[in-house]
């Protein structure tokens, strides 16, 4: 998987995400003294990390020089392992990325094609992956099972240190030339390959394209680790082998363990793999950015880029530009405190309605959205600060530097100089409060989060223990801020952004209407050139080579050589979370009494099925408005935003569909309030819920209309970007919307229908201006507010006993206050959900829909209806989906067809089956594969081992660790209590091969209705008249 950095969000969590977690334990420092020798390693450093309640142990392998970091966390059962390598890409062929894929295609100890994927069926891991960064590659997994941990570590270590790296794996995962029909030598030759198609998909995302080209320009020595599709086809098999030999050596390895399992056992296993390697002197080759190799003060680069055909803007208004300052080298240990200060400052300048760059560049209408590279970034040896915008005219691009400096000099510097009454003081307190909350908040993926935060700098020579010791830097900052106030930030700006001699890099992407077509044309020219150089013998050899590859992809593998867990490793009884049912004002309160480290988690929920269905599509906009419009009657949004961050860990307002676990044709539309806070600030959650829900300003003032205009534009852009990243989910939403009422509503509020609706809002806003908002949208938002205030809430609390008791009193007051603020409204039940349920058509015939969007690769879905959560059939279908995926579809969709991913998923709660492909060069072909596979379960010769593997895969998610705040949540939100969860667990465990054949026949074969959706470019796909083509109108 390519690890990318696209800043789609400017949330405050960006400042604190690497710090967010805590585990209440007291590590033992005496366990691993410095100098202790363990299995060829020597302990070089042992240090407490009190902010995370960990002990960090750093070790060095004496013979090879390999380093290991262990984070001892005796009370966390979710153990993590990783091995990372420094992998500077030598060019733009994507060799680190392709190697990441091919190492996992079989090894000396496990000579099975794709052991990585096959281990997902033999494990209870809750996380398994491999990731390629700018100049590093790492292979992490997490599991709560000690036997599983040992098995997976063995597979990972064998994969990276003794991979087979067969030529056929290179062809499959990297790139190859192949006949369009692999069995027809006369058919057209084309480029294929998993990574090749993945990167074609990435390049379809304009935000990714802008960012990766920016990085290539500002950091030319680093090269593109993911690979440029034009260059991927230049990589040779020999080049792959050479890159592995050079980089995948113990001297270049960083291994990591986290959790409660014995360090000694891990080191013993790792050191055995190191024995076969000769000692090798290794030095860290840190590539330098353009600022280090060219001492110029100003750099200016312009490149051509794609036009976004979905946002309704003229080509001349689609320039993207950014200005970046060089802040120094983040690998310098003396820079760590400056980096922390820059994180705080970056949040002040960019995050939220209070931030000056947001106010002056987005709200003012100068641009629509920040560019993907905006903000503070640490990439290898470059710490940079960037201000960038999307959707500008050429004139605004030319004036952009002047505009940014005007904001800095006329707004930011004066505010930083206003020590006595600056609004920045409150915002800084809010940021520090979020960090404090982060230390206390429990997250089940804590270990992996720490790993992700240290790897990029660790492979470049930074001590990871220093990176983890946040408390020292935080204490330093608090003291510095107490003594010097805002001056510390003013001085940062004066030394860098305001310094006329600071190195500055301007990067612009100029829109070209023919850009996407040119990419396709270039690909065709590349393949034509390659083909023109082939002799008939060459073509025959390619044909035979690919026939052999296709044959290999279909061959059964001897998976007996792989380690595995068994059904006996799955606990027969699942976790039960004791829930007390309290009562406040005759309203039920679900109470989960558990240690939450001083935090309270609160929810309020009500049934709003009476809401007229015509208002459903406006719910996401309404929810967004509550915390992003102009604020409330008493609190402007700038103050409200700071108040939320200073007093709580966050509050949200959302709507959700809850399907009856016993009947997929019955559901409720619910409205949910959520909040989290420190115990001593609990009352703030309820005060803010009340104020926001009852007094948010939905009037036609200029301020409200301006905010609403910006919000709608931002929603549109975010949704468009999401399609390229999650196209298979959107395709599935379209297919499933014809199957059940819950999926129909889901498409309206979060699927392609919602995207289309927001695009229509933007189109009308563009043509009619803010008068349209005042006349059409504001009255609807006011109407929804009235509806949401109808009905009664019920409540949920998670915390210790003292917190629960205190919050019951707070809920009692909130409930009385919210009830007294209920407006008079006549509810017409016939307009609501019941009318939709009564009229829903369950008898859709098969149909094929192409959603015509300009993507180089496509996404496909074939949907069918299933059964309820509580039914035995539902459990069998969940297991069936795993067998279809790993025994049939994976090889056909990914390995043969070259899509990045594909399979069959089952939504157990909503009862829908979905065949899918992701980043697929031929999604229409995948649809035919799905059709051909419908009866596969009747003919497959599955055995008990196959059934066991499918059950293991299902239980990876069933038994995955969850947040403390989620314990018992399904009983409150979905009416699924522990006993029903246990019943479904027993249905999983009791599923037989006969059950699988029965549900195959009943739901896949006998049900002939296939709801098909493909998202892609019809100029490439050229579908026939059997397809309905759905064009997005703007």
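Here the Cβ of each residue, glycine as well, is placed from N, Cα and C on the backbone.
For the Zn(2+) site, Swiss-Prot gives 97, 101; the one candidate out of 198, 216, 238, 242 that the record lists there too is 198.
For residue 101 (Zn(2+) binding site), applying a Cβ distance below 8 Å and a minimum sequence separation of six or more within one chain yields 130, 173, 174, 194, 195. Between the C-alpha atoms of residue 198 (Zn(2+) binding site) and residue 100 (active site, proton acceptor), the distance comes to 13 Å. All chains included, 27 other C-beta atoms sit within 10 angstroms of the C-beta of residue 173 (active site).
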